[in-house]
Structure formats: C-alpha cells, structure tokens
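Engineer: So Swiss-Prot lists the following for this protein:
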DOMAIN    2-77  domain 'Carrier'
MOD_RES   Ser37  O-(pantetheine 4'-phosphoryl)serine
Amino acid sequence: MSNIEERVKKIIIEQLGVKEEDVKSAASFVDDLGADSLDTVELVMALEEEFDTEIPDEEAEKITTVQAAIDYVSKNQ
C-alpha cells in the first residue's frame with residue numbers, strides 16, 4: 001500500500017468513524033460507508049489539509065469512492 005493510500009484511508013477512517021476493514025478501494029462514501037453530504041465536504045477539507053492542496057468544487061463532486069480520493073491526490077500532488 002502506498003503512503004498516499006495509507007494517509008487517505010486514515011483520513012476516511014477518522015472523518016467517517018468507520019472500521020479500517022470497511023475502507024475498501026471500491027467503497028462509496030455515501031452508499032457503503034454511510035457518509036452524508038456534510039461528511040463528504042469535511043472529508044474533502046481534511047484531504048486538502050493533509051496533502052496541502054486545494055480541491056475545486058467540481059473535482060470534489062467526483063470524489064465519491066475511496067479509490068477516487070486516492071487517485072485524485074496521487075495525480076495532484
């Protein structure tokens with residue numbers, strides 16, 4: 001597991017209060033991990049802070065799964 005993947009998963013676990021084993025690459029924040037719209041906004045803000053980047057709203061809307069978050073951060077580091 002890459003350092004970025006580990007960091008993204010750690011943020012998801014902390015922000016959504018889910019178990020590590022539930023945070024699979026294909027997991028949807030809303031459908032699989034029980035996030036609501038506020039959770040997803042806070043999750044994006046936590047990713048921005050952790051990786052010292054700004055995620056535009058139109059990009060943030062596309063980050064709906066664990067893998068999408070990992071991919072976005074990996075491409076925009």
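Cβ atoms are placed via backbone N, Cα and C, with glycine included.
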Engineer: Long-range neighbours only, meaning 6 or more apart in sequence with Cβ under 8 Å: which ones does Ser37 (O-(pantetheine 4'-phosphoryl)serine) have?
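Structural biologist: Ser37 (O-(pantetheine 4'-phosphoryl)serine) has no long-range Cβ partners.
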Engineer: Through the lens of DSSP with three states only, how would you label Ser37 (O-(pantetheine 4'-phosphoryl)serine)?
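Structural biologist: The residue in question, Ser37 (O-(pantetheine 4'-phosphoryl)serine), is helix (DSSP, three-state).
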Engineer: Return the average pLDDT for the domain 'Carrier' (2-77) as a whole number.
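Structural biologist: Across the residues of the domain 'Carrier' (2-77) the model's pLDDT averages 97 on the 0 to 100 scale.
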